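Features of the protein shown, as given by Swiss-Prot:
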TRANSMEM  4-24  transmembrane segment
TRANSMEM  38-58  transmembrane segment
TRANSMEM  68-88  transmembrane segment
TRANSMEM  101-121  transmembrane segment
TRANSMEM  137-157  transmembrane segment
TRANSMEM  175-195  transmembrane segment
TRANSMEM  214-234  transmembrane segment
TRANSMEM  259-279  transmembrane segment
TRANSMEM  290-310  transmembrane segment
TRANSMEM  323-343  transmembrane segment
Amino acid sequence: MSNAITMGIFWHLIGAASAACFYAPFKKVKKWSWETMWSVGGIVSWIILPWAISALLLPNFWAYYSSFSLSTLLPVFLFGAMWGIGNINYGLTMRYLGMSMGIGIAIGITLIVGTLMTPIINGNFDVLISTEGGRMTLLGVLVALIGVGIVTRAGQLKERKMGIKAEEFNLKKGLVLAVMCGIFSAGMSFAMNAAKPMYEAAAALGVDPLYVALPSYVVIMGGGAIINLGFCFIRLAKVKDLSLKVDFSLEKPLIIHNVLLSALGGLMWYLQFFFYAWGHARIPAQYDYISWMLHMSFYVLCGGIVGLVLKEWNNAGRRPVTVLSLGCVVIIVAANIVGIGMAN
């Protein structure tokens, strides 16, 4: 396995670790509605950081974006909005299926759809079937899916042992939402694929290869921001128990505390795709669709590890932890299989 591929896998791991940890600061926010907290974090992660970093990278910010036709920018934006819809459905999936089953089904579907639909859209799916390296990477995707399934099973065993149940368990409604969440969340993968002309334009301006994907986030995350922030603002305006004014009428130190923690959560959310861009830049072009598989499977891996570190599994018993460990090992094996396949 080449050093470039190894580093690509490593940066995807770092990005996924940030994704697995990003919600920790949000849990420390006090006396704010979820909608206010999520909006503040989202403004940082989907608007401020993409714009600020792009302004630093590009020699002429406005000239860069105005150089693209609507036919180039619109798919990128709409796929970003598609991801935003999936993101909203994510919480509802947890509500009706419970954390473990909801995450397992949603992540499993978005892993498959986001990984395999990209080469199909690009018309090079035959690379997966007709070449040794392609077949090896396809095997890695399958093994990763098995790993996600094992980790999901571990979560179910943990919830059963600890008496944790879904807020309003409804299998039919939950499955529909999980499938929708999985498909729509893959919009981020499609958006990045559609943004390739933006990568090329950034490279032509002298932007370092590690950073060429970052300017596209202004458009991608802009689409997602409209959906997420729109959802939050509508709820803040219509739901009687929610009030932005009340949330910002608390004691000043508490407001500052909440803003800083929400901003930190937003920063950590953004960093997952900052390092995704670094990892993606190291992956061979013919296997660039594998970036999504690496990110999603490592997200599940890191989520399990973070749960162990935070002692969330302490009262779960030995069997769930053993199953979780097995799932993590399978995901690591999958990453190595994919790496070997790309090297071939």
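Glycine residues also receive a Cβ, built from the backbone N, Cα and C atoms like all the rest.
Taking Cβ pairs closer than 8 Å, the transmembrane segment (137-157) reaches residues 98-101, 103-105, 107-108, 111-112, 115-116, 128-129, 287, 290, 293, 296-297, 300-301, 303-304, 316-317, 319-321, 323-324, 326-331, 333-339, 341-342 in its own chain, all 6 or more past its ends. For the transmembrane segment (214-234), same-chain residues at least 6 beyond its ends with a Cβ under 8 Å from one of its own Cβ atoms are 35-36, 38-39, 42-43, 45-47, 50-51, 53-54, 57-58, 64-65, 73, 76-85, 87-88, 188, 191-192, 195, 198-199, 202, 207, 273-274, 277.
Residues 75-76, 79-87, 89-90, 92-93, 96-97, 101-102, 105-110, 112-115, 117-118, 121-122, 213, 216, 219-220, 223-224, 273, 280, 288-289, 291-292 of the same chain, all 6+ positions outside the transmembrane segment (175-195), place their C-beta atoms under 8 angstroms from a C-beta of that stretch. Beyond its flanks by at least six residues, the transmembrane segment (290-310) meets 8-9, 12-13, 15-17, 19-21, 24, 103, 107, 110-111, 114-115, 118, 137, 140-141, 144, 147-148, 151, 154, 186, 188-189, 192, 272, 276, 279-280, 283, 321, 324, 327-328, 331-332, 334-335, 338, 342 of its own chain at Cβ-Cβ distances under 8 Å. Between the transmembrane segment (323-343) and the listed ranges 4-24, 38-58, 259-279, the one holding the most Cβ pairs under 8 Å is 4-24.
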